């Protein structure tokens, strides 16, 4: 008898809980009925990008207090989950009113499927001038811009100054000097370069720089967009140089099975001397209080060296990161456009000061108190002769998949540089 | 009595079955039909669909990468089935009143209580080439260049099988243990009186009596392996360069990374067909003429 009573009690409580759960959800929906609701989805969770998350919260709060009756509903997902959810939502035509997108290749299917609204009117209302030139273009297809970029990144090589000092090393200017640095570190039992090539785009950065230095930025851009060829001897040589580095054990052991996150922690714990990553990581080496001061002070950066005396050191691999889009079928399009415009303006200032990242809008560095490394990177960026957009972002998803797999195979020594070039060419020609 | 009365009414039976049937229909059979249908389309998952007939299915059959991934899935199925022997042996030992059997059983069950992602994170750390416990141990034993487990394309697949098998060990041990505990003690006693050795009891008496359960676990292991996804996705993403790709991860990659929902759906449907065929074959092979009774 007693047992029965307990079971009954449990069943009833769980039922009540379910009902409460449901009604909670219903409440949220009805609260917005008197005003307008902008759904906003972003990919900077509190855990992994605390500063970004905080800035977004502030901007949303400011926007809501400036605009009576408009409510912004925020949903946060981490990077990979975000990409998956975008796909699922767009198949059922339920994209959020405002969300984040990447440039070029990522954007294309959404534009072709008529999912993103044109943001030309937002730009023409004066916002265009506040962007660094070349950044909004990456989000444009045939003169229509579908995304407003938030970040601008280039990828320098960060290095641990104290490790360099201990081994009596200087910052290399040429590839020959670079090899010397690698050889010395390797001899002294330090992993020269931290690389997490499970993520694949990390290795792609190294190849792209090598190709840029040997073949030049124009040839590289042409090869990536399909008008040139990856079978150009310069690019085969670049692939061979990558294998030369892997043969020298320039990268940490087992890099093909390690994520970028794991590689980063190797660099940040002083196990590896160098690490190439985008400038979105700058806060870790400048302002992030969670990283020991001692380590932050010992990190410097240098530009990818010239190779065979060729190449321009101020040519970078990089480009705008995520940008904001407005959904074409949004029922609050006007408010959504106001929101992205407000967001971009606010982001420009706060991202510099609070997060220490480089926004796609122009930064007035002099009026702010910024870490020296940040100012240096900003100067390099302003003096850059060229920025080649990340290959996997620029290529169509199919070609990017081939490229990324080939990168893993090239670094892993599974294929020859010639086969690497061939596979690319095949993928690019089958596109047409 | 009244229960029997209600159950004799065919309409009442249908009525009681209906809710579950509707759920299964909506959640399983309709999506199945839809994925077969999407497989006939050229569709990037975002824009308009275009009907292209059997092209995706024809491409899939000729796609070497798909067959590579299918081979990997079958390898996993093979090892999962093989490992059942070990689990069965462990369960026999656990069920035979040894000291601490209860505690050991719980220890074996722990991996089952962890989520796949947690297991993946754990084993990523174990396999870490320079800081992982495995390579640290090997280096301590004097191995000079321990392998990079998840980076070497020749090893990665087998390396990743270990946590997958480990993950499900507790599940099968639990099933076998329960089945073995169900065998009446009198049978074992009788065998002992007749002079059967423990090995004979295990092989001649216990095993035949739980044959039904063993068959079910074989099907579970094979089907589970063929559609396996979780750890592969988290630990290697199918890499390096497809060396650890299985059918489900290949399907996911096509649909979500290369924006080819039509092709991905076709692969998904093929995965179902392959799994169904294998299941039927396994059932046929393990079919018994006579059911043993206690």
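Even glycines carry a Cβ here, placed using N, Cα and C.
Keep in mind that TrEMBL annotations are predicted by a computer and have not been checked by a curator.
TrEMBL lists B:12-34 (among others) with the feature transmembrane segment.
Sequence annotations record features per position, and here TrEMBL assigns domain 'ABC transmembrane type-1' to B:70-282.
Per TrEMBL, transmembrane segment is recorded for B:74-95 (among others). Sequence-remote contacts of a segment are chain residues at least 6 beyond its ends whose Cβ falls under 8 Å from one of its Cβ atoms, and for the transmembrane segment (B:74-95) they are 101, 104-105, 108, 157, 161, 164-165, 168-169, 172-173, 176-177, 180-181, 202, 206-207, 214, 217-218, 221-222, 224-226, 228, 246, 278.
According to TrEMBL, the transmembrane segment annotation covers B:107-124 (among others). Same-chain residues lying 6+ beyond the ends of the transmembrane segment (B:107-124) with a Cβ under 8 Å from its Cβ atoms: 90, 94, 150, 162-163, 166-171, 173-174, 230-231, 234-235.
Among the features that TrEMBL reports, transmembrane segment is placed at B:155-179 (among others). The list of residues near the transmembrane segment (B:155-179) in space but at least 6 beyond its ends in sequence, with Cβ under 8 angstroms from a Cβ of it, reads 72, 75-76, 79-80, 83-84, 87-88, 90-92, 94-95, 105, 108-112, 114, 116, 119-120, 122-123, 127, 147, 149, 210, 213-214, 216-217, 221, 224, 228, 231-232, 235-236, 239-240, 243-244.
What TrEMBL lists as transmembrane segment is B:209-229 (among others).
Nonlocal intrachain contacts for the transmembrane segment (B:261-282), taken as residues 6+ away from its ends with a CB within less than 8 angstroms of a stretch CB, comprise 32, 35-45, 49, 52, 56-57, 59-61, 66, 70, 77, 218-219, 222-223, 226-227, 247-248, 250-252, 254-255. The transmembrane segment annotation in TrEMBL covers B:261-282 (among others).
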